[in-house]
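Student: Below you will find the structure I want to go over with you.
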Amino acid sequence: MKNMLLLSSSKYKNTGYLEHTLPWLQNFLADYRGKTIAFVPYAGVSRTFDEYEKTVQNALSDLGMNIVSVHHGKQHRDIIEQADVISIGGGNTFCLLKQLYEHNLIDIIREKVNNGTPYFGWSAGANVAGASIMTTNDMPITYPPSFQALQLFPHQINPHFISGKMQGHNGESREERLAEFLLVNPTALVYALPEGSALHIQNEMATVLGENPILCFSENMECGTFDINTTFSY
């Protein structure tokens, strides 16, 4: 059974790193205590892989699991193949996807998750689980071989969604950017995840977790809203 937890962000309001996600992760991974999580740190542009791994190990120590970054493997896919759970951290989605292709991890992650290995990711790690990364918010832009992502979730994801414009900001709002995307890609669906929200995916069903409803935008910016604790098919 496909089992994924897609988190909008690593923090919510004034909480510590991944602190608000711990109750969800403890429930999500209740049967995996003592098992191994393969962690993919590629999105962390401003820190080393070792630093990112240590940050996540400290934040998730209460899970009682062994968190190992893929960069410790002779081949990075070795760590993925041996792991009980797969996790991808947030940061820069372009850098993340580029290195997933470079290290030949796309197919092995897709295969394992489709065959029941639990997957969780936040921010870029949620974005890359979708159909493509074409609704990322990120800079700098590096060029992966394709914008097609893991396609574990068949639609677009936009993490860190904030509605409207900040005072003094004269550029496009997030809604305006997504409307432009849907003009160019009219058959797409975009799931917008506000801060502090998450989707728990089980096969073709999704449950909304967190503090804010999740939005789904389609052609002409038709908007569906999925309230907290709602379960829906996608």
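Each Cβ is built from the backbone N, Cα and C atoms, and glycine gets one as well.
This is the feature table in Swiss-Prot:
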ACT_SITE  Ser123  active site, charge relay system
ACT_SITE  Asp138  active site, charge relay system
ACT_SITE  His160  active site, charge relay system
Student: Of all the active-site residues given, Ser123, Asp138, which residue's CB has the most CB neighbours within 10 A?
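Tutor: Answer returned by the neighbour count: Ser123.
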Student: Under DSSP, is Ser123 (active site, charge relay system) helix, strand or coil?
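Tutor: Coil, per DSSP.
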Student: With DSSP assignments reduced to helix, strand and coil, which class does His160 (active site, charge relay system) get?
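Tutor: Where His160 (active site, charge relay system) sits, the three-state DSSP reduction gives strand.
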Student: Return the residues near His160 (active site, charge relay system), defined as same-chain residues 6+ apart in sequence whose C-beta is under 8 angstroms from its C-beta, sorted by sequence, else 'none'.
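Tutor: His160 (active site, charge relay system) has long-range Cβ partners Ser8, Ser9, Ser123, Asn137, Leu193, Pro194, Glu195.
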